[in-house]
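Quick look at what Swiss-Prot lists:
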- ASP13: active site, proton acceptor (ACT_SITE)
- HIS41: active site, proton donor (ACT_SITE)
- 12-18, 40-42, ARG304, 330-332, 412-414: GTP binding site (BINDING)
- ASP13, GLU14, GLY15, LYS16, ASN38, ALA39, GLY40, HIS41, THR128, ARG142, GLN223, THR238, ARG302: IMP binding site (BINDING)
- ASP13, GLY40: Mg(2+) binding site (BINDING)
- THR298, THR299, THR300, GLY301, ARG302, PRO303, ARG304: substrate binding site (BINDING)
Amino acid sequence: MSSVVVVGTQWGDEGKGKITDFLSENAEVIARYQGGNNAGHTIVFNGEKYKLHLIPSGIFYKDKICVIGNGMVVDPKALVAELSYLHERGISTDNLRISNRAHVILPYHLKLDELEEERKGANKIGTTKKGIGPAYMDKAARIGIRIVDLLDRDVFAEKLERNLREKNTLLEKVYGVEGFRLEDIFEEYYEYGQHIAKYVCDTSVVLNNALDEGRRVLFEGAQGVMLDIDQGTYPFVTSSNPVAGGVTIGAGVGPTKIKHVVGVAKAYTTRVGDGPFPTELHDEIGDRIREVGREYGTTTGRPRRVGWFDSVVVRHARRVSGITDLSLNSIDVLTGIETLKICVAYRYRGQVLEEFPASLKVLAECEPIYEELPGWTEDITGVKSLDELPANARHYVERISQLTGIPLSIFSVGPDRSQTNVVRSVYA
């Protein structure tokens, strides 16, 4: 049995898609376990760029099974569109498996997400407005509609009708907007269900069988630890658990089945949406990193907020996710910056904090304590090993590993898979 979980150690957008794609080459099964189409990842395959939001990045390899796990919330309309997008470009999706227990995002979830964000005004969370939160709310309230329900015409009709009564009351009485009619949703979404029916099964069985047979299984997290609903910067978080522990619930495999956890980080920090960000840059260096690193959201197109690397954040991620291996991305983006900074702790009212605080009020008063390191000017985009890095670049990478307490296993010096280098195998 060899299982690897890939998690983001920051606020998402760390380059997990690329690392998952890279690790997929040696995996036999690739599974997603949480989130929905609020996450976007860009994969370069055979020289072409593909943007995926729902389907695991291993889909490009016909001999590998790709799983959408039970912990995900699935927008059937978006999924059918993504399947068509791949088919039009000649990519087969016969290797896809969708959990019959995954929950379904429906039009009223999208509408409620949008309206609630508007209602909050200055206190908005900064959601992607993809209906993720409202769908997870229905799941917790035990009124959600699952994929297995979507495939059964009678069950879907009954549950949808019941939910619409409640949602329409909410839309009309609280938000003052028109509700939805059953006939405007039912046939369209039932057809989406029929379109994906051939992929639907009990994916927990698929995954556990693969693990029991000793096959290599890769679990692909979306977002990042700092967006985890329990461990992140609550309430500026997603509605699921991107931490490695989310695999056991969202994929239906026991905790004893997880062997390695790869924490993916950028050599700096980014964040999309609202919420605290202690090392955020509001100067020319921040603008430079954003432009060189092309820091714009895959899903939203929004410019990402940019800051220095924060070892307090990544240490927190290591602890709550049990991270065993570090994958450090986008080192090349920092080339040419004279002096680099790494946050080693926070200063709060004269105290030094080495652990990430739960209180946003405390966090708002925290000032980062920086360690300064000399930068480098050499082009590192063709580097294939740590030994080939300029001395200052290597020192920067090794210092991050020391400060976070995570051994370096992978480092990346560009967006292409050929620019991803292995220091030690995560499948060992």
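Every residue, even glycine, has its Cβ placed from backbone N, Cα and C.
Features recorded in Swiss-Prot, as mapped to the structure shown.
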residue : record                 : contacts (Cβ under 8 Å, 6+ apart)
GLY12   : GTP binding site       : ALA39, ALA222, GLN223, GLY224, LEU227, ARG271, VAL272
GLY15   : GTP binding site       : VAL264, LYS266, SER327, ASN329, SER330, SER412
LYS18   : GTP binding site       : HIS41, THR42, ILE43, VAL44, ASN329, SER412, PRO415, ARG417, THR420
THR300  : substrate binding site : THR128, VAL272
GLY301  : substrate binding site : none
ARG302  : IMP binding site       : VAL272, GLY273, TYR296
ARG304  : substrate binding site : ASP13, THR270, ARG271, VAL272, ARG290, GLU295, TYR296, GLY297
ILE331  : GTP binding site       : ALA267, ILE380, ALA393, TYR396, VAL397, PHE411, SER412, VAL413
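Largest CA to CA distance in the IMP binding set (ASP13, GLU14, GLY15, LYS16, ASN38, ALA39, GLY40, HIS41, THR128, ARG142, GLN223, THR238, ARG302): 34 Å, whole number. The CA atom of ASN38 (IMP binding site) is located 16 Å away from the CA atom of PRO303 (substrate binding site). Counting other Cβ atoms within 10 Å of each Cβ, the binding-site residues THR128, GLN223 show the lowest value at THR128. Among the listed binding-site residues, namely GLY40, PRO303, the Cβ with the most fellow Cβ atoms inside 10 Å is that of GLY40. The 10 Å shell around the Cβ of VAL413 (GTP binding site) contains 26 further Cβ atoms across the protein chains shown.
Residue with the densest Cβ environment among the binding-site residues ASN38, THR42: ASN38, by other Cβ atoms within 10 Å. Geometry remark: PRO303 (substrate binding site) versus GLY40 (IMP binding site), CA distance 14 Å. In the three-state DSSP classification, ARG302 (IMP binding site) falls within coil.
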